[in-house]
């Protein structure tokens, strides 16, 4: 079984038109090649794309497929400047422990599945800490996989700032799979 080659192409116009820039590895700054990004085609791998250079600003998780305009990746605007390849876990195993309080305290829940609503599924208002035991995951600030996104790989996160969030507003999450 061969591993897919990572490849992402950014276009300055909608529907894959206009100038384009292609990446097959991490790129800390491509905004000098494209002044804006209105569509993306991912032909291999999974990616984190960032609004600002050096992997900063709002991030968006993209898997293989076509994104004909920035609304399709749930972007807030047409600004993207850097990207990273997501190294998916081998074996396809996923396991996440979430905690209602910081430093892994309070009620703990363990899951191996996507969650469109933390409130409905676990009856908690917010996630204050978590442990990614297997796989790579994305947290969303709103239910049903909307709002700001946060990429989490295999490690422990004692507080929301550890996964890049200024607050604990995680209302949904899912596994990142190719």
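Glycine residues also receive a Cβ, built from the backbone N, Cα and C atoms like all the rest.
Feature annotation from Swiss-Prot assigns domain 'Beta/gamma crystallin 'Greek key' 1' to 6-44. Residue counts of the domain 'Beta/gamma crystallin 'Greek key' 1' (6-44) by helix, strand and coil are 3 helix, 21 strand, 15 coil (DSSP-based).
Residues annotated as domain 'Beta/gamma crystallin 'Greek key' 2' in Swiss-Prot: 45-87. Secondary structure of the domain 'Beta/gamma crystallin 'Greek key' 2' (45-87), assigned with DSSP and counted as helix (H, G, I), strand (E, B) and coil, comes to 4 helix, 22 strand, 17 coil.
Over the domain 'Beta/gamma crystallin 'Greek key' 3' (94-134), the average per-residue pLDDT in this prediction is 96. Sequence annotations record features per position, and here Swiss-Prot assigns domain 'Beta/gamma crystallin 'Greek key' 3' to 94-134 based on sequence analysis.
Residues 46, 48, 58-61, 63, 74, 86-89, 92-96, 102-104, 113-120, 126-129 of the same chain lie 6+ residues outside the domain 'Beta/gamma crystallin 'Greek key' 4' (135-177) yet bring a C-beta within less than 8 angstroms of a C-beta in it. Taken from Swiss-Prot, the feature domain 'Beta/gamma crystallin 'Greek key' 4' covers 135-177.
The N-acetylserine annotation in Swiss-Prot covers 2 and rests on similarity to another entry.
For 2-5, the entry in Swiss-Prot reads region 'N-terminal arm'.
As annotated by Swiss-Prot, region 'Connecting peptide' applies to 88-93. Same-chain neighbours of the region 'Connecting peptide' (88-93): 46, 134-136, 154, 176-178, counting only residues six or more beyond its ends whose CB sits under 8 Å from a CB of the stretch.
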